[in-house]
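J.: Structure incoming, see below.
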């Protein structure tokens, strides 16, 4: 039995270890987290236990005790260094994140190959449209003029004197001839010395302004030419209506002439940069390409926007190749066609081309990385360009192939062709019978190159269209749910009340009264923007009311304006 002193000693905490823990219990039981037995009677409720918060893996009541029990060896520098050297982690705990990062790296590695395949295909499309102006267009103009002259001998079998395509060919030929003779009044040598006398910074600013002006001219120039073609070929009830072609023709001639002068100034500035002694201007002009990375990489891009940029890069690269050809021709003329001087220009030409390719690769690689766009999208872009080529070869095509390339890429071959004809005729003197024979042989070679290029492009385009499974859009016209006149009337009433009709591919047709998409009933007509203009109206649609036909005509014009913007992908890109 213990005395009172021992009992009081037990109440005060007992042994020093128990006093140190702050309780009267042994630390082996109560200090380790085991609940104490209740001190209340059997009929009394037990008092609530004290809740202890946990912080960094320790309880508040244990922190002071364990801090005092920690030895000095636990706080040593060697232990910290050992922990840092042996610390491990597992990447599989965040497998999805690292897999996504690896796919981004693979996408960036695939971008150069896929981009250059698109660029290669697009450049040959531009080359085909450019060679068409020099090879087949003169022959088509000759055939059209022959038909126009010999038409009275065969009698008027049709209301039209010429077919719409022949009228457009004659207009293109006349514009080329007029602008070519107008370019003779522009002195290239005076322009060269005028630009050479300017300072480097001023020339750099001028070159940037010329690039912006070239894009503006290209975007507005095709609209001017299309307005001329439609004004000249649309059905007219009165002969007086043909007078409206004259102002459109004068506007088109003025546009081609001004755009040709603009490209000439660009070529002259590039020629001055090539002939400068310290090559500082050429370096500044090349560094201007890298400014595109800053202006485009850190922006939000969708697939349609990237397609717009890709078409612009294709057009810009082909235009630069033609400008480099003009610079080489002018320099070779100044050095009496000495082949040794060509090797002097060759490093600068390679440097300009390499910088253009490097900038395009870096720009597209980071745009696809920041916007989570896969590299497979470039095959879709290539299939879209191939679809334009194949559709223009159909019997019921609504536009010429060269005009389709102009709308899609913004590349208008007429001003560039006028400038190249002016430079070639001024640089190369044709004298003697042998020289003319060489010119004829060269022309036959151009025709052979054009035909061969067209055959290869058409075969590749059919292959790309089949791989993308887009051939149904070429051969299957729009199908209505209910054939006949009732379907046409029902479609007309539906279009008059519906603001935006969305097809299964995501294309929209905007009419006069827009409403929310939630309220739209399912579309009765499954169409696409491409199909709507690849097929001509059937004869069965003549029974539709006049209001319906006028509404459909307005809707067609709206869609045509949308597809004419050479940056729109239509519904072929999801």
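Cβ atoms are placed via backbone N, Cα and C, with glycine included.
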J.: Which range, 197-222, 223-248, 249-274, 275-300, does TrEMBL list as transmembrane segment?
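T.: Of 197-222, 223-248, 249-274, 275-300, TrEMBL gives transmembrane segment for 249-274.
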J.: Which one of 356-381, 382-407, 408-433, 434-459 shows up in TrEMBL as transmembrane segment?
T.: 434-459
J.: What range among 79-96, 97-114, 151-168, 169-186 does TrEMBL record as transmembrane segment?
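T.: Within the set 79-96, 97-114, 151-168, 169-186, TrEMBL attaches transmembrane segment to 169-186.
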J.: Using a Cβ-Cβ cut-off of under 8 Å, list the residues of the same chain that are 6+ residues beyond the ends of the transmembrane segment (169-186) and lie near it.
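T.: Distant Cβ neighbours of the transmembrane segment (169-186) are 133, 137-138, 140-141, 144-145, 162, 228-229, 232, 249, 252-253, 256-257, 260-261, 264, 414-415, 417-419, 421-422.
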J.: Do any residues, 6 or more residues outside the transmembrane segment (118-135), come within under 8 Å Cβ-to-Cβ of it, and if so which ones?
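T.: Cβ under 8 Å, 6 or more out: 172, 176, 310-311, 313-315, 317-318, 321-322, 360, 378, 381-382, 385-386, 389, 401-402, 405-406, 409, 411, 413-414, 416-417, 443, 446-447, 449-450, 453-454, 456-457, 460.
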